[in-house]
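Q: I grabbed these lines from TrEMBL:
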- S35, G36, G37, L38, D39, S40: ATP binding site (BINDING)
- 364-435: domain 'Lysidine-tRNA(Ile) synthetase C-terminal' (DOMAIN)
Amino acid sequence: MTQAVDRLNPSSWPDDLIRAMNAIPAADCIHVAVSGGLDSIFLLHAVSVWFGERGKVSVCALHVNHQLQRAAATMETCCRRTCDLLGIPLSVTTVDVAVGENLENRARNARYAVFEEQLQAGELLLMAHHANDQAETVLFRLIRGSGSRGLAGIPRERALGDGCLFRPLLDLPRERIRALATAWQLDWVDDPSNDDPSIDRNFLRHRVIEPLSVRWPGVISSLGRSARQSAEATELGHKLAQLQLRDIRDEQGRLAIAGLSALSQAEQKNLLRWWLIDRHLEPPGAVRLEQGLHDLLVASADRLPELVGENYAIRRFQGHLYCVVGEHEPPPEPITWNPLDTVVWAGGYLRTIGDGVPDRQFTVTVRTGGERLRPRPGGPTRPLKKWLQEQGVPPWERERLPLVWAGDELVAVGSFWLSPTLFDNPQKASWRIIWGRDCR
């Protein structure tokens, strides 16, 4: 076969590559992430030809220069040269990633932040991860003791920013891509860091998977098949959790301990994981999750156990589990507040809604002890501490609540209470105070 004709004639491509191109979702614009390496350069050529014939979708390329290796400038030049050859617009972003621990993860985060910023609604980002990448990911996570969600490996498709990320080559092995790229006479840069065995993924690639492939030639496809089955199991676990959450989660997002305790231990852990994941929080590892869940469910009533994760804590109070995210300390000193304005208070927003909000100054403080409030006009005052307990306000919220004062009189307690004395007709309150993370 003629090499140039093969590259420019998709009907002559192998079936697995045609299937990969056909699987790409419809989009207003397709961005291809290019590093200058073999896989992404091959993907860019294939996408350029495939969609160039159709002429209905614009294709462009994104390159992120991390400035972390000697070949960085050479790889950027390769991307520019390839895009010039194909007539594809290229956007290059240079990022600064400080050398230190978790360098690979921090570089990845910087790269994805650029991609997320670039994608608009209805647009698609293509990445060139292939079957060998999937196999390495599954094996690495298996070594770390991951569950089905981790063993599902690299997702083929997921949301990214306002757009979507898709990996069309996930079923193609590296050898197939290299053979096609060589036949098409493509130019790419071999990343020298790919041969460094001190990097975990490289060690798995050269010292583990390559010998395994000699003994079991189908190991790459087998690991990919396991990833797909794990993804199916993960999806079923998510659907089960969603069904059970309907009965266990209330309108405030809390979990009823009685309902959770009625489930099997496996169901409890599955539900708790998805309760966190659906809030965009990373669940703790299996050991910490199991021990923490046990403490939350069976500890005596006088204890306040918690399961701490990254920027969140799961706490128990009055028969419910709460997920407390990103706690912030309130201001150390009282602040002056006009209720026509919105102010930040302890990580939340303090504001008012409704009609007739007074244009006047109040003072906002935290509890210091000894405060009293008058629930009814002309009635007796009551200790705030006891009132908060009766209202079921969790202990960790009591110390962060904004207390609103008119002179020496307490007239509001967060979103929980507003003094009737603030209204001409106490029976027809026309406005109220809201304090919370999502009430701007």
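Backbone N, Cα and C define each Cβ position, glycine as well.
Predicted automatically and left uncurated, TrEMBL annotations should be read as such.
Each of these features: where is it, how hidden is it, and who are its neighbours?
A: Cβ neighbours of S35 (ATP binding site) (same chain, under 8 Å, six or more residues apart in sequence): H63, M75, C79, D191.
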Q: Going by DSSP, how much of the domain 'Lysidine-tRNA(Ile) synthetase C-terminal' (364-435) is helix, how much is strand and how much is coil, in residues?
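A: Within the domain 'Lysidine-tRNA(Ile) synthetase C-terminal' (364-435) the tally stands at 14 helix, 22 strand, 36 coil.
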Q: Using a 10 Å cut-off, grab the number of neighbouring Cβ atoms around the Cβ of G36 (ATP binding site), all chains included.
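A: The answer is 25 other Cβ atoms.
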Q: Among the binding-site residues listed here, G37, L38, D39, S40, whose Cβ has the fewest other Cβ atoms inside 10 Å?
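A: Taking G37, L38, D39, S40 as the binding-site residues, the minimal 10 Å Cβ count falls on G37.
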Q: Need one number: mean pLDDT over the domain 'Lysidine-tRNA(Ile) synthetase C-terminal' (364-435).
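A: Overall, the domain 'Lysidine-tRNA(Ile) synthetase C-terminal' (364-435) comes to a mean pLDDT of 89.
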Q: Other than S35, G36, G37, L38, D39, S40, which residues of the same chain sit close to ATP? List them in sequence order, counting a residue when its Cβ is within 8 Å of the Cβ centroid of the site.
A: V34, I41, F42, M75, A128, W188, V189, D191
